[in-house]
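Student: Attaching a single structure in structure tokens format; questions to follow.
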Amino acid sequence: MSDPQGDAPQLTHFVGGQPRMVDVSAKAPTTRTARAEAWVLLPPESRAALLAGQTPKGDPLSVARLAGLAGSKRTADLIFLCHPIPVTSAEVDVTLKDAGIHITALVKTTAPTGVEMEALTAVTVAALNVYDMLKATSKAIEVSGVRLLSKTGGKSGDYQAAERPPQP
């Protein structure tokens with residue numbers, strides 16, 4: 001968390017060098033959103049199997065969507081210092097592109113803390129499920145480019161990531 005005067009960031013999850021969950025009980029619930037992305041880079045043999053509908057475990061794109069939705073709701077179980085918050089909406093898009101499989105998630109809540117980690121967890125869990133579903137076709141599949149694209153709401157204000165070209 002940054003100081004509004006531009007001073008050095010404060011580490012809010014540590015007190016006396018020990019990890020702790022930040023107390024958000026005094027914060028009012030507000031509407032917050034976060035959008036994240038990830039890429040799954042496919043070697044030619046994995047891409048060919050996907051396009052031919054010959055993936056050993058079924059449709060990885062559909063499974064990835066469901067996995068991403070589940071990941072957004074289970075973030076507090078996986079990221080130790082995250083608060084369990086109500087995910088009021090989650091959308092996960094999984095699209096085959098020339099550069100690979102592009103995964104995006106948009107997560108919303110009305111809570112005293114944000115949903116950035118929920119969006120990032122959604123795309124990461126979705127990407128890992130794609131890897132699992134396609135690993136029989138190649139071990140050279142790569143998960144790449146996991147990042148926060150935007151966030152709205154909260155004390156730290158809105159954020160918009162810089163544009164960048166698709167992953168190679």
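Along the chain as shown, the residues are counted starting at 1.
The backbone N, Cα and C atoms fix where each Cβ goes, glycine too.
The active site annotation in Swiss-Prot covers ASP132. According to Swiss-Prot, the feature substrate binding site maps to LEU81, CYS82, HIS83, MET117, GLU118.
I'm curious about the neighbourhood of these features; can you describe it?
Tutor: Under DSSP, ASP132 (active site) is assigned to a helix (H, G or I) in the three-state scheme. With a cut-off of 8 Å between CB atoms and residues at least 6 apart in sequence, the same chain places LYS57 near ASP132 (active site), listed in sequence order.
Annotation for CYS82 (substrate binding site): same-chain Cβ neighbours under 8 Å, separated by at least 6 residues, are THR75, ALA76, MET117, GLU118.
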Student: Judged by the number of other CB atoms within 10 angstroms, which among LEU81, HIS83, MET117 is the least packed of the binding-site residues?
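Tutor: Looking at the binding-site residues LEU81, HIS83, MET117, the Cβ with the fewest others within 10 Å is that of LEU81.
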Student: What other residues of this chain sit with their CB within 8 A of the center of the CB atoms of LEU81, CYS82, HIS83, MET117, GLU118, the recorded substrate site?
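Tutor: The surrounding set, listed in chain order, is THR75, ALA76, ILE79, PRO84, ILE85, THR113.
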Student: According to DSSP, does MET117 (substrate binding site) sit in a helix, a strand, or coil?
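Tutor: MET117 (substrate binding site) sits in a helix per DSSP.
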